[in-house]
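Engineer: One structure, pasted below without further comment.
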Amino acid sequence: MKKNVKKNSSGPPRGAKKGKNFPLSKDPFFSSESRKRRKIVDDEIESGESDEDNGFVNEGAENEEFEEETADEKRKRLANEYLEKIREIARRGKEREDEEKDDDDDDDESGDEGGKDSLVAQILQQEQLEDSGRVRREIASRVLKPEARDGFQVLIKHRQSVTAVALSDDDLKGFSSSKDGTILHWDVDCGKGEKYQWPSYEVLKSHGVKDPQGRAARHSKVTLSLAVSSDGRYLASGGLDRHVHIWDTRTREHIQAFPGHRGPVSCLTFRQGTSELFSGSFDRTVKIWNVEDRAYINTLFGHQSEVLTIDCLRKERLLTVGRDRSMQLWKVPEESRLVFRAPASSLECCCFISNDEFLTGSDDGSIELWTALKKKPVYIVRNAHPSSLCCTNLEPKENGAIPNGCMGNGNANLNTSHNLSAHSWVSSVSVCRNSDLAASGAGNGFVRLWALGSDKKDVRPLYDLPLVGFLNSLTFANSGRFVVAGVGQEPRLGRWGRIPASRNGVAVHPLKLS
């Protein structure tokens, strides 16, 4: 007995004439929809009422435009918004100029548009030159003399000496660390601070932390340096545990640890506009990291002693100073370096003025101005921070130069000058970005403001801002509207001096510009 076997045919459905081409799109075999989906669609009943008539509104319809926006379209939109902002600034400037003029003649509209566009181009070009460091902003001449009530205000308190302070590029957020291992994230305007919580040791090991080496029995949380990325997303910290720690500033959580240094991490800096991080250590090396990729890049060798301070601008050039009496300018892509020998016993701090000019502070109390064209300082300010206990004449001379110090003037007591030497060490220097305004700090009770001459290549004193304690870190707001100081009872890297009257914390001093 034969069984009727029903074969599944893959040919055209019944009713299709043989010999003619049947479109595959109409074949149910090649349909991308499932049978269940097709059945639901077929069973749907059409209605004359829409979802909006029934009270149902698609909430995502309003944001549909931004959801479908590509990266290129977003960049174009942001660029157009920025251009509109610049045009508004240019329009206001044009209106102020028109008010000063008494002409009642009607100008051509096309001429007005052309003038506005040229003014916008000038503003954009000026901003680009300032950001690249080719043009120096004249801020020092605009700083007004501080009044008695415009002193330093303690914004954040720490239990022990502050070792580092850092500001975001928008001057709204600040970060500080101290010898007690705390890292604080605070608001510049209101001073409200939040503490970064160190995770457990198991979490740190999962993030890349290695076991303690040498005499260390456990992971040390003492932080010596901080650096924040240009976009304000990442915060880097380094200290006695020989690791570089990466934090997310939005959540204040620990996200990565970079091992590799064989000594304490003494200094950190980000290259402007990138996620490239540089770290200097007591092991005499400088290491390069990519924070975005969580990767190690390279190690730079050259210093013969501990690396103390590091700085970097937008260009791939790195500036470091160490206890080997040298300052080194690294050209990272070429893997080459320029070595500058200091007349002082040790350089303590450094910073870029521009891509070819630098400022350093020494442990003999002097401040040096350097250029990339000379291996020796082009200008030296001796005893920039004389101790008020052994020097009484702190006023500038007639030619504007600082007196040449206690020992040079013969006013020093040989029995006390050695004990007070730590108070005169220039422990921190800072320059307002792309400007001629600088500041230096020591332990003599003052933050000193300086004007950097671009033509004469000199350093002129401006004002003294009283602040008791060791000034372990200084930084300017990018706008030049205030200066932030990290102050403590002890120096940043040791305990060779102590000022009990000092308050451990972060102090802010406003600067009024004309």
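Cβ atoms here come from the backbone N, Cα and C positions, even for glycine.
Values in this document were obtained by computation on a predicted structure and should not be read as measured data.
As listed in TrEMBL for this protein:
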- 43-54: compositional bias 'Acidic residues' (COMPBIAS)
- 61-71: compositional bias 'Acidic residues' (COMPBIAS)
- 72-96: compositional bias 'Basic and acidic residues' (COMPBIAS)
- 97-112: compositional bias 'Acidic residues' (COMPBIAS)
- 1-116: region 'Disordered' (REGION)
- 155-189: repeat 'WD' (REPEAT)
- 216-257: repeat 'WD' (REPEAT)
- 258-299: repeat 'WD' (REPEAT)
Engineer: Checking distant contacts: for the repeat 'WD' (216-257), what same-chain residues at least six beyond its ends satisfy Cβ-Cβ under 8 A?
Structural biologist: 163-170, 173, 175-181, 183, 185, 194, 196-199, 201, 203-204, 207-210, 263-270, 272-275, 277, 279, 281, 287, 289, 291, 294, 492-493
Engineer: Per DSSP, what is the helix/strand/coil residue tally across the repeat 'WD' (155-189)?
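Structural biologist: Helix, strand, coil within the repeat 'WD' (155-189): 0 helix, 20 strand, 15 coil.
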Engineer: Give me the mean pLDDT over the repeat 'WD' (155-189), rounded to a whole number.
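Structural biologist: That stretch averages a pLDDT of 93.
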Engineer: Reported in the order helix, strand, coil, what are the DSSP residue counts of the compositional bias 'Basic and acidic residues' (72-96)?
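Structural biologist: Across the compositional bias 'Basic and acidic residues' (72-96), DSSP assigns the residues as follows: 25 helix, 0 strand, 0 coil.
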